[in-house]
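See below for the structure under consideration.
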């Protein structure tokens, strides 16, 4: 399952690089009234589009050229395609790059704010009424998009929608490393001792480890991307695979815990312990929710090739995923509210309240930051969502860690049995994750 998903991610990521390779195809250009090469968010006054081709003679014979459209012109054309003839569409291009030399560096006009530019291939056959396939030599190309760096030189491969993510993941990895150096030994000793929170901490630690690997993989991918505009697609796919696995594991953990408490409470008296029960109902609900989330996440990947784990591209799969998270938060709120209102123990009640905070932050951070992102410009939205959700999920994990560790310490110091604690884990449950 994981290997199949990794292969899917690898296939989806083929169009993510900002140094693009390919072939210029007259047939594709004729059918589409232009062959789309790439779209990129340029900014500043020294942005450069660098074009290389291998067969100048064939390109010159076809009168090949790259047409550059700003976002406004492109939207205008595609909002009313039937109103424009092929020559009229070409006349709306901001500029044209004739492909009559091996390498061409085009400096874009100064931009007060970031703009999306569309690069389209056109030749003398594009606007013909009828086209017969011409047997000619292939023309391969390489197009590199470069924004000005901090010194104003055109060496930055990141688009305006991606700038800052490299630094963010570096800072995130650094924080994870420092936190690991400080807390890893104490956490390991706590987990070796066992206790009522042992299995919960193992599952939570696995989910956190997946997030750490994802952050490190994203940083390595973006570091390579900064130098060549291509990155490391395998590493980028690994980052997304870890993100999906972490999301799935946390969903199963939080939902099965809450459903187990809710269902077991109907069968047990107040004085008996609450356990992470392996009831068919709680397990079935958790598995159903996890399956639905995996389907939506994979569907979302196919709908957006530039996937960054969380993004502003509002597809049907994305909207369904957001709706699912809101519904899960509401259902957990109802279940925990019923438990809290009838709970007489102050310690247990505080435990459930803190657990609810961690759950709501985990499930609602994505929908909330999607809504908040609409306050920003379009090219900033993906960064707002990505940074906001990752930080919020990290805070949620900290809340849950503090909660479970504090109760483990309370159990150890007071030498109480697990019967007096608000959460215990049955030994039979442990095999579900580590069998």
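Using N, Cα and C of the backbone, Cβ positions are placed for all residues, glycine too.
Taken from Swiss-Prot, the feature N-linked glycosylation site covers 100 (among others), and the record attributes it to sequence analysis. When Cβ atoms from all protein chains are considered, those within 10 Å of residue 100 (N-linked glycosylation site) total 14, not counting its own.
Secondary structure from DSSP puts residue 105 (N-linked glycosylation site) in a beta strand. Listed in sequence order, 48, 49, 50, 51 are the same-chain residues six or more apart from residue 105 (N-linked glycosylation site) with CB atoms under 8 A from its CB. According to Swiss-Prot, the N-linked glycosylation site annotation covers 105 (among others).
Taken from Swiss-Prot, the feature signal peptide covers 1-17, and the record attributes it to sequence analysis.
The transmembrane segment annotation in Swiss-Prot covers 168-188 (among others).
Marked as transmembrane segment by Swiss-Prot: 200-220 (among others). Residues 165-166, 169-170, 172-173, 176, 180, 187, 190-191, 232, 235-236, 238-240, 242-243, 245-246, 249-250, 253, 257, 276, 309, 390, 393-394, 397, 400-401, 404-405, 408, 423, 425, 433-434 of the same chain lie 6 or more positions beyond the ends of the transmembrane segment (200-220) yet place their CB under 8 Å from a CB of it.
The transmembrane segment annotation in Swiss-Prot covers 244-264 (among others), and the record cites sequence analysis as its basis.
Annotation source Swiss-Prot lists transmembrane segment at 282-302 (among others).
Residues annotated as transmembrane segment in Swiss-Prot: 320-340 (among others).
Here the transmembrane segment (355-375) has long-range neighbours at 250, 254, 257-258, 310, 312, 314, 321-322, 325-326, 328-329, 332-333, 336, 340, 381-382, 384-385, 388-389, 392-393, 395-397, 399-400, 403, meaning same-chain residues at least 6 beyond its ends whose C-beta is under 8 angstroms from one of its own. If you look up Swiss-Prot, you'll see 355-375 (among others) marked as transmembrane segment, on the strength of sequence analysis.
Among the features that Swiss-Prot reports, transmembrane segment is placed at 384-404 (among others), with the record citing sequence analysis.
A coil conformation is recorded for residue 100 (N-linked glycosylation site) in the three-state DSSP classification, outside any helix or strand. For the transmembrane segment (320-340), same-chain residues at least 6 beyond its ends with a Cβ under 8 Å from one of its own Cβ atoms are 251, 254-255, 258-259, 261-262, 265, 289, 292-293, 296-297, 300, 349, 352-353, 355-356, 359-360, 363-364, 366-367, 370.
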